[in-house]
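**Q** Sharing the features that Swiss-Prot gives for it:
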- 48, 54: NADP(+) binding site (BINDING)
- 125, 126, 127, 238, 239, 278, 293, 294, 295, 296, 297, 319: FMN binding site (BINDING)
């Protein structure tokens, strides 16, 4: 398996499996001189960790992070930063019924056909458990971006199943388990999930992420465009089946006179481009949305086949999120932050001395 590393100058390599002794990552390319403690990382991991409400998996993992290297006396040294998170609440016996059978909608069948071996315990390497190290690395990226450029990366749930969640205020996002920016709609979301759990079924969600304060100029055309790398990173998150930048698929029905964001001395009029033009950041907010499919592990019996190709019925008994989108907000934030820090360093390496006579206009004229 060779696709375990994200990034070019700021790289993150993850390791581990869902039911192994530990999971973690190695971060290479983090600039030296930044203050960093385990507490800086833990606060982000706590936002993602399981067992925090009745609406998510009841697997009880503390997700306590250990910094093994790359930090001396609370300051990054510029050497690789190794993060370790120990698994403490595995129940491998829950997966005994799928040793010879593939779960529909999971990576079981494809991993088996590609590698000729698979870890059936919780999906092994393909488990969303492996997003914890991504959030850990994302905490490092967020801190550097915030301190160096004033960049803030924030996300929220904008849709759960067929329930739209109108944005009200960022202050509500951290006050409920859904990362909803609308406190009034939380009871409806809770009732929806309670009914879904009784049905033994699952549902999908939409997560919106916004990066504010990104300077103009980040991105490496043609094949490492900023939006292309964002899309790749987001599609690397478990269960993500769609990514939109800016207006996204709504652009199809927009006329050019509407979609094209006009420029004025006071700033851009509109942000249908989502903060990226020609693969390069414009200085506006970078806006990203992801579509997350329903959890494939459900208690409803499903048709499948065995390794021998015989027909079988699969019913999943492990502890699973009825909607993986509920805990996906900090993961999506982290992925965006990892792409941004990588491109910040790449821009500094090649174009850090470039200056033009054109004023940098503000992100919005309104």
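Backbone N, Cα and C define each Cβ position, glycine as well.
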**Q** Whole-number Å only: compute the distance from the Cα of residue 293 (FMN binding site) to the Cα of residue 48 (NADP(+) binding site).
**A** 18
**Q** Can you see whether DSSP assigns residue 125 (FMN binding site) to helix, strand or coil?
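**A** Note: residue 125 (FMN binding site) is helical by DSSP.
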**Q** For residue 48 (NADP(+) binding site), what is the tally of other C-beta atoms lying within 10 angstroms of its C-beta?
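**A** Its Cβ shell of radius 10 Å holds 23 other Cβ atoms.
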**Q** Which ones in the same chain are close to residue 127 (FMN binding site), with CB under 8 Å and 6+ residues apart in sequence?
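**A** Those within reach of residue 127 (FMN binding site), by Cβ under 8 Å and sequence separation of 6 or more, are 17, 18, 238.
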**Q** Which entry in the list of binding-site residues, 125, 293, has its Cβ near the fewest other Cβ atoms, using 10 Å as the limit?
**A** 293
**Q** Relative to the Cβ position of residue 297 (FMN binding site), how many further Cβ atoms are located within 10 Å?
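**A** That number is 25.
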**Q** Work out how many Å separate residue 295 (FMN binding site) and residue 48 (NADP(+) binding site) at their Cα atoms, rounded off.
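**A** Answer for this pair: 17 Å between alpha carbons.
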**Q** Going along the chain, which residues six or more apart from residue 239 (FMN binding site) have their CB under 8 A from its CB?
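**A** Result: 128, 204, 292, 293, 295, 324, 325, 328.
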